[in-house]
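Structure first, commentary second.
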Amino acid sequence: MHLVAVISTVAVTCFASGQAAPPASVQSFPRYEKNAIEQERAAAVQEAFTFAWNGYFSTCKGQDELRPVDITCDSPRNDWGASAVDALSTAIVMDLPDIVDDILNYIPTIDYTTTETQVSLFETTIRYLAGMLSGYDLLKGPSSNLVPSNSSLVDSLLSQSVSLANSLSFAFETPTGIPTNNIYFTNRSSSDETNGLATIGSLQIEWQHLADLTGNATYGDLAQKAETYLLNPKPSYNVPFPGLVGSRVSIADGSFLDATGGWNGGDDSYYEYLLKMYIYDTTRYSNYSKAWTTSADSTIKYLKSNPSSRPDLTFLASYNNHTLVNSSEHLTCFDGGNFLLGGTVLDRQDYIDFGLDLVNGCHDTYNSTLTGIGPEIFSWNTTELTPEDQTFYDANGFYITDSLYDLRPEVIESYYYAYRITGNTMYQDWAWDAFVAINATTRVGKGFSAISDVNAPNGGEFLNDQESFLFAEVLKYSYLIHAPVSLIEILLRNQVGVMDTDSYDRTQSSRLAKRGKTNSCSTRKRTRSRSLDHQLEPEGVNCHDGCKE
């Protein structure tokens, strides 16, 4: 949610001193060094990152992913080394110079001008383009101490970003400027007739930041032109609630083709990026704030849902026209962090309170399973339940409809926001519990594997799949929630950081001084990008994990 001017990794927004104080529930960060417990936790996460990195890089350097169970390699992201690029900003934040050097020496060897396989504009933007720009900003700024003796390696992050963007840019050559997502470099072609809400609406931060770094406005203009169709949706009957739109858009004329949607995978990071584009530049993108608040207000009014067996829990329903669907996803659980960020930036206590309710609901999806990890999809629709589902629903307020765990970050991401904004160490403990469960259940071979069943004692089967966002998000958020305040202050002093959907942080000079103090930061994923795994894929659109992670 996927979602930055570039800095650390997980959305963080710091405000200049001398401003109005934050709301009572938003505490200023205390100044302190890490205590022994935090040190141990941060070290454990760093060990997990180093373990996974060594397993990947020793076996699969130059390929996208390690298959950790049988110690083989896979390249679903065009064989450009997705895990290496995704890991860069986390290695920088963790202050791991040897790993940073490995990645910096690898990236200049990538040929972004050619690949025989289909390229996803969305996935390539949030993993490769965002990863390189994030590393560039960090190493040119607050983490310059990690710059190797050959400083040209840092400059290559920007030049390689330009090379990649130039290769991708023909995707925007359509009648409307709405890009095709699934493209082929070999003949500059695509068969897409439609594109998805999140895949169109989760490009703006990275492409605009590249424009700002290079002085070439074309990159930002391409992404912003496509966004205009989302900000002014037509026809009106495919906008079932104010600010909440459909999922599929015609590339030919920019019209919305349905009225289904919500904050689930395929739609999620569009709403995430509305807020983050406003944070990125409050002057140029002031209209994005209004678009986000309209969608946020409608979400609270129309999509808020409390299960009948556990009315203390709050989830977000999705919709099909005006009919609500009581089902949600792990991907959706970035929502609490996004509302917390919005409430902090816009000085809206109601958004902060609602965000905390969403965080608590997603926490229960972890707290209710045998592994301590939340499922891919869950429901509280009580129309037809098996006896087993009824028993689980009565106790927990939801039942599991897809028990997979694909190493997703969204729940930990929202814990991070909740802790940094409220100062309540309960959220640190929740994040630690999640990390311990993930480390115990998914660690295998030379890395970490997706598992088939979060409610089986040992997680069911290992699926032999380790997506690159393990490095970019899961381990980054798990580390930063235990990092000392001094680290975050060093990274963010006099800057505004906004995390893109894959947990990269883009930074600009602090224009966001609306409220808060030097130590008062809000953060976010994510994310992460959420994914299109469960989105309908009409007309030949082949969607992969992404719209948001």
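The backbone N, Cα and C atoms fix where each Cβ goes, and this holds for glycine too.
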Cys333, Cys521 - which one TrEMBL pairs with Cys362 by disulfide: Cys333
Cys362 (disulfide bond) to Asp268 (active site): how many Å between their Cα atoms? 16
How many whole Å apart are the CA atoms of Cys333 (disulfide bond) and Glu123 (active site, proton donor)? 20
I'd like the Cβ neighbour count for Glu410 (active site), meaning other Cβ atoms within 10 Å of its Cβ, all protein chains included. 30
Winner by Cβ contact number (other Cβ atoms within 10 Å) across the active-site residues Glu123, Asp268, Glu376: Asp268
Neighbour count (Cβ, 10 Å) for Cys362 (disulfide bond): 30
Specify the count of other C-beta atoms within 10 Å of the C-beta of Cys333 (disulfide bond). 32
